[in-house]
Amino acid sequence: MAELAYHQTTGAKVARYVIYAVLIAMVLFYLAPLFVMLSTSFKSLDEIRTGNLLSLPSSISFDAWRAAWSSACTGIECGGMAPYFSNSLKMMIPAVLISTLVGAFNGYILSMWRFKGSDTFFLLLLIGTFLPFQVIILPMAQVLGMLEIEDSTTRLILVHVIYGLQFTTLFFRNYYVTVPGELVSAARIDGAGFFRIFFKILLPISIPTIMVCLIWQTTQIWNDFLFGVIFSSGDGQPITVALNNLVNTSTGVKQYNVDMAAAIIAALPTLIVYAIGGKYFVRGLTAGAVKG
Amino acid sequence: MGALSIRNVKKSYGDTHILKGIDLEIDKGQFLILVGPSGCGKSTLLNMIAGLDDISSGEIAIADRVVNKLSPKDRDIAMVFQSYALYPNMSVKKNIAFGLEIRKVPKAEQEEIIARVAKTLQIEHLLDRKPSQLSGGQRQRVAMGRALARNPTLFLFDEPLSNLDAKLRVEMRTEIKLLHQRLGTTIVYVTHDQIEAMTLGDRIAVMKDGEVKQFGSPQEIYDTPANLYVAGFIGSPAMNFIPVQLGEEGGHAVVVLDNGSTPQSVRLGPISEAQRAFVGKQVILGVRPEQLTDPESAHSDRTNLQSLQATVAITEPTGPDTLVTVTLNGVKTVARCHPRAAGHPGQAVTLVLDPTKALLFDPASEKRLA
């Protein structure tokens, strides 16, 4: 490879620069909205009104961020995003953990303890991954009604766990089918039971897949708007719904800087999760694809 | 009653019969080999002995105790797998200790066992490593160590050497044999490699299509295979099968071998009753390559060696011997000759055949005519 690089023709060099140029242009294009959001959130309302969308703020002001966090009005409440941020956290953390653990358990059974009809069962679960949100809203509402769960957070945890299960099951099942069944056989001969094999042997080697599920579920659940707006109410709403309310509250002047700051606050957790776990995500998705 | 008894064991999935009634019995300390091509049911049988697979009907007893209903952990067995199946998240030491911990063996005793096993297999320096940091041969040793730590009545090996390269495989083969001699344990060993079967086993069960085609000592199986399948499966290069018409002359079986130009009459051993029934009919003559050789290499103490003429088609030197292919009765026949006496393609050579070792088979039933 290195030798080839030395003997590149002029044409190949030009082609390479063109590729870089195109890539850089795309990066700028995709980052532009983020840049606008960030710079707008640090501007004052006056500057937004008079200035250019793409210009940098003349002075950095955190007023908009403070307002977005603790005093902006979402509908009739004026407590900022903070309470809804915490709602989202309270909903997301249990939902992510439960759906990941149960998914791992499902995957373990569907790959290592096949039962009659387990393949059909898996197929049905797979179909679940193709079902759009909208399809399940009505039946879900009926079920929630029958269960008589009042608390918004509990309702959303349940909904997200159920909707997320087919994905987490799929991830774990597809990872565990690459694990040799002899590992389970060996453990059975060693005397380990169903749960011990799962917790002592399979779960510890599933870190990449666990990371995939955590990231996937965190993103899905945190960013969800539809379930949030339908199955929660009042002060139990998640941050996505609150952001919508904040942006759509139409009294007085539109505070673009606050809107932008609030939007960034709402997006921050998933950004952080990707920054920390992104490499695991790619590694986990390709785990088992290549031997080694 | 033996260390392991398998009585009329069957296994079916719906209408597919994987095992069609297996009967095997070995004594304490014996090394049983289950050998056969892939899909013959040998691994299924091993899994059933281990308790990893259910038995459809029949009975398996380990040390005179019927274990049909027992779970693997209660059968007093240990197993070494083809993929080694080491727990990737645990160190070598933890791998060996895992089964002991579950069995609630006291900590001090665990340490003692680990130290002893590690010493036996010379893996003391590897105890703190993870399986991913070990070479194939080392993993193999650890897998055996995990089995040894259990000190079971019965060891099960499922193709343990087939993931190793050729040189290491021969080394580990010797080592397993040595270990068996030293510890005197009872072993059931599954392989598809007939050389492994011959070198390791006390008793060999040659399997095909869910049946045991022959069960006996390696030498029995080699010298007096029960049928064409066993005769062809065991031995490398494989036994020559030459179609012949059987005759009788002065109480001896006689066959005619045609090298393409001259038919030559060859006198075999004394004819048996079973063989006499086939006089005048087509049978199959089975001759191992080393029993068809040049006059010089033939054992001089053997009397009534039969000599015949043939034309060399191909020579394949292996070093100590040269495999000479000739045509007899229209089939390619391999003779094992001294390199000096091998000749070259197109040349006529004299070969001698050991009549006492030649076998006759019924072409219809494929059974040996004893």
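Placement of Cβ uses the backbone N, Cα and C atoms for every residue, glycine included.
Unlike curated entries, TrEMBL annotations are predicted automatically.
According to TrEMBL, the protein has these features:
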TRANSMEM  A:17-38  transmembrane segment
DOMAIN    A:85-277  domain 'ABC transmembrane type-1'
TRANSMEM  A:91-109  transmembrane segment
TRANSMEM  A:121-144  transmembrane segment
TRANSMEM  A:156-176  transmembrane segment
TRANSMEM  A:197-217  transmembrane segment
TRANSMEM  A:260-282  transmembrane segment
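Under 8 Å from some Cβ of the transmembrane segment (A:17-38) lie the Cβ atoms of residues 53-54, 260, 263-264, all in the same chain and six or more residues away from its ends. When each of A:91-109, A:121-144, A:156-176, A:197-217 is checked for Cβ pairs under 8 Å to the transmembrane segment (A:260-282), A:197-217 comes out on top. Same-chain residues lying 6 or more positions outside the transmembrane segment (A:156-176) and placing a CB less than 8 Å from one of its CB atoms are 91-92, 94-96, 98-100, 102-104, 106-108, 110-112, 122, 125-126, 128-129, 133, 136, 140, 144, 147, 149, 202, 206, 208-209, 212-213, 216-217, 220-221, 224, 227-228, 231-232, 238, 284, 287-288.
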